[in-house]
Protein chains: 2
Amino acid sequence: MDVERKNAGGRAEAWGDITPDAARRLVSAAVHAFAERGYHATTTRDIAGRAGMSPAALYIHYKTKEELLYQISKVGHRLALDILEGARDGEGTPAERLATAVRGFVRWHAEHHMTARVVQYELGALGEEHHAEVIAMRRATDAAVRSIIEDGVRTGAFDVPDVRGTTVAVLSLCIDVARWFNARGRSTPDEVGDLYAGLVLRMVGADVAGS
Amino acid sequence: MDVERKNAGGRAEAWGDITPDAARRLVSAAVHAFAERGYHATTTRDIAGRAGMSPAALYIHYKTKEELLYQISKVGHRLALDILEGARDGEGTPAERLATAVRGFVRWHAEHHMTARVVQYELGALGEEHHAEVIAMRRATDAAVRSIIEDGVRTGAFDVPDVRGTTVAVLSLCIDVARWFNARGRSTPDEVGDLYAGLVLRMVGADVAGS
């Protein structure tokens, strides 16, 4: 899977598709600045400085600070959505596909925790149109996971009294990895992914009903 | 339980113990300002203005912006810790006490989601000593939940291969309610608490092993 290969390369690779190089450097600088001081406390001058560029050079690529946040949010949501839709449409039983979804989603939030925090915590700073676009991607994210859970309920592999609420809980558990994950901590992204895949299968009753 | 009664009154009550009234108003204004624009983008002048006070009047109660953040963080962590230690030390089986802990902790993060976001996302802005004090409270929070899970493993009521990782996951699931909870949304804090208590009992294998 293309997304997997890209993620395996580490955080910087998240922006691999953004060209030219100057734009990519600006996005990376913006992520660091927003994560450190927050969106509202960051100026385009701060971002240009971090990228080793002049404010005028930044302006060639991004007209406003909000455009940078939008770019970060769009790319971040797109990569996360690719992981979940890939799992939904992949081979295997509902339990196998849910485990694949959780492993990939957790790994993304652990490896890219700085980007993920900006994406999650600064959502309210997006302009109206951009906000609406990102909300639509978030609905698709939710729908991908819900669809796997519904498949499992339909085949009898899962026992889930509240599919909507459980979907929210599964996504929330994975997303919050970005808040607490520490690259110098005891667990690797893959170890957290494996643990969480097991916990989520228990949440949907896959252990009880057999899958 | 005293904390429960206090929380049942809604968000403003979280600061009920802070006196005099002016200090309480300043803390409440700071929470709103930090939640809206972030800690670093907020000035003490902004906070005083929101509280209907002059910067000089603010200075009587809090010498710096960081002192306000520390006050918010300390009170927030203390209330959350009281809920979890109350559940740990309460009556009942490990499953009952874990369910009580999750219900209370979720309800706190739903009802006080604005405070909880500030507490969680601005942790890095605390001064060194204050940061160390808050980290100690977070370790106690973790220890309270871990202790209930260990009790359940000991009695055979729970089946938990990774107690440390599962404790992190349980707390994380509850804390992230503060990010997504919407007071105008479909679920009340109590409904989310009930759903999550059930999901967490599944995570610790209480359904399988019998409790």
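Yeah, the Cβs are placed from backbone N, Cα and C, and that goes for glycine too.
Here TrEMBL gives DNA-binding region for one range in the set B:43-62, B:103-122, B:143-162: that range is B:43-62. The average pLDDT the prediction assigns to the domain 'HTH tetR-type' (B:20-80) is 94.
Counting residues per DSSP class in helix, strand and coil order gives 47 helix, 0 strand, 14 coil for the domain 'HTH tetR-type' (B:20-80).
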